[in-house]
Amino acid sequence: MSRSSYIFTSESVSEGHPDKVCDRISDTIVDLFLGKDPEARVACETLTTTNQIVLAGEVRCAAPIDDAEIEAAAREAVRDIGYEQDGFHWETATLQNFLHEQSVHIAQGVDASGDKDEGAGDQGIMFGYASDETPQLMPAPITYSHQILKRMAELRKSGARPEFEPDAKSQVTMRYENGVPAGVTSVVVSTQHKDGLTQDDIRELVRPVVQDVLPEGWFPPEEEFYVNPTGTFVIGGPDGDAGLTGRKIIVDTYGGAAPHGGGAFSGKDPTKVDRSAAYACRWLAKNVVAAELAKRCTIQVSYAIGVSKPLSLYVDLHGTGRVDEAKLEDALRQLADLSPRGIRTRLQLNKPIYARTAAYGHFGRTPTEDGGFSWERTDLADELRSLL
């Protein structure tokens, strides 16, 4: 039996966190290639450490892209995040590029040819989730955790809070009653900052940000409001900790409130079902909840490398559904082509829309006119209602 009253926590990390720097660089490279060739293949991994950026992976592109373009794109990503520190500077960090041509053995399984449809880029399982507890149809703890850090970054970049530096983390613990968010029991924020500031200084700079983000009356007790609990946080970013692409997969998704198939998103073109199928599952789950067929919805799909059709589709409405789950599965199969090509076509994923996803969550965002966050549209809700 599921519990209706409990306490749950999610965390987020800022765009300047070392792993997120790597995600941003990797997705910037994906965008660079897709901007030249919508059918480009990219698997770009990034490592960062003190004044070092290392790119590695496999690519294929119909248009020429030279090393200078790749390096310029990576440096611009770091510049936009805001790193101009002695230990990590967008302009002076050493960049090593080990990207090379995609394996023909992988390509032969993925590419369409003759009567063979485009296959999945790998085997695996992917999940999507939605909940009606926030307007974004996302879990509340991860939503507020993202919003705190996004607001801090906006203040830093605008010059309103120059005391903040790019590297930061947040964590929000919420109390649920009858399965509904009822308050915040604690908030943790750790942020890199300019030298010469005390812990109390940073605490009072962070306080209004948290107050603005949380609903009125939800600010935690003073003793449960933690800011830079270890004290000074001047050395940070890749200079403080090495970063790698794909290490913040729970931050990227649902903050631990839903299962994760294990595959990271950043650095991958949309033929990789780790990314595209997870986006499709979120799209389907969000439309189920938007159609008011359930308060919560988890969807799982699975694939085999080189095979176009998904091997399975599973729906769990967590006891909140107004429809039979097996019938809902049939309706989703009828309405959505979940082959890799079907997903890319329906969600228009062959576009340079990925750098913007690299921080503050891939889900719960606002769709844009250029096709960004297309998986957040609720354009399937009416059709689902009519079928069920």
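The backbone N, Cα and C atoms fix where each Cβ goes, and this holds for glycine too.
Proximity of Ala168 (ATP binding site) to non-local residues of its own chain (separation of 6 or more, Cβ distance below 8 Å) is seen for Val13, Ser14, Gly16, His17, Leu149, Met152, Ala153, Val189, Ser190, Thr191, Gln192, given in sequence order. Per Swiss-Prot, the feature ATP binding site maps to His17, Asp167, Ala168, Lys169, Asp241, Arg247, Lys248, Ala264, Lys268; the stated evidence is sequence analysis.
Look at Swiss-Prot and you will find Asp19 tagged as Mg(2+) binding site, backed by sequence analysis. Less than 8 angstroms from the CB of Asp19 (Mg(2+) binding site) sit Val13, Gly243, Leu244, Thr245, Gly246, Arg247, Lys248, each of them six or more residues away in the same chain.
Around the Cβ of Glu45 (K(+) binding site), 22 further Cβ atoms fall within 10 Å across all displayed protein chains. The K(+) binding site annotation in Swiss-Prot covers Glu45, and the record cites sequence analysis as its basis.
Lys272 (L-methionine binding site): 24 other CB atoms within 10 A of its CB, across all protein chains. The L-methionine binding site annotation in Swiss-Prot covers Glu58, Gln102, Asp241, Lys272.
Averaged across the region 'Flexible loop' (102-112), pLDDT in this predicted model comes to 63. Positions annotated as region 'Flexible loop' by Swiss-Prot: 102-112.
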One should report the C-alpha separation between Asp241 (ATP binding site) and Lys272 (L-methionine binding site), rounded to whole angstrom, as 29
In sequence order, which same-chain residues at least six apart have a C-beta under 8 angstroms from Gln102 (L-methionine binding site)?
Arg41, Ala43, Glu58, Val59, Arg60
In this structure, which of the binding-site residues His17, Lys248 has the fewest other Cβ atoms within 10 Å of its Cβ?
Lys248
Distant-in-sequence Cβ neighbours of Lys268 (ATP binding site), under 8 Å, six or more positions away:
Val30, Val42, Ala43, Asp274, Arg275
